[in-house]
Amino acid sequence: MQAIKCVVVGDGAVGKTCLLISYTTNAFPGEYIPTVFDNYSANVMVDSKPVNLGLWDTAGQEDYDRLRPLSYPQTDVFLICFSLVSPASYENVHANWYPKVRHHCPSTPIILLGTKLDLRDDKETIEKLKEKKLAPITYPQGLALAKEIDSVKYLECSALTQRGLKTVFDEAIRAVLCPQPTRPQKRACSLL
């Protein structure tokens, strides 16, 4: 069985842990507890191939900036996450997460993921954003950012409703099993 290491990064509170818990246990966690580091594992079949998917949850908070890269070596694929209802987390993909990931892992495939899809059409959430003269991130905006950072895919999901959830991890596995031909074959990560 092939083992694939997937590291999940993004701002604090964008839903990285909920994403992983919902996917691996089919249950949505009730309370928010900021992560330092956690690992999850799932044995899955993708395109008739058995895969052991190692999922590495990381801390989004700045306090862990020096610790986080310790989880990067030998990463096969990154999920860079932002919340569809947090424009600041969307901006931080380009300003923070993408440059950091690329610095440590220049050729590892990236999937850009918009989380909290269930809240994009939520009236209360939209109103709160409007009060701050903000709006949820649209699918075309996500797609544009994915192109900018040269991610292999742009996906959106909801850990709460599980809409699009399985697709995220299937596509992460496919990014490793069926790499895009323009990318170099060497995918190992190294710390400098």
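Every residue gets a Cβ built from N, Cα and C, even glycine.
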Feature motif 'Effector region' in Swiss-Prot, mapped to one of the ranges 5-13, 14-22, 32-40, 167-175: 32-40
Site with most surrounding Cβ atoms, counting all protein chains shown within 10 Å, from the recorded positions LYS16, LYS147: LYS16
Binding-site residues (ALA13, LEU117), the one with most neighbouring Cβ atoms at 10 Å: LEU117
For the motif 'Effector region' (32-40), mean pLDDT (0 to 100): 72
Distance [Cα-Cα, Å, rounded] between ALA13 (GTP binding site) and LYS147 (N6-acetyllysine): 24
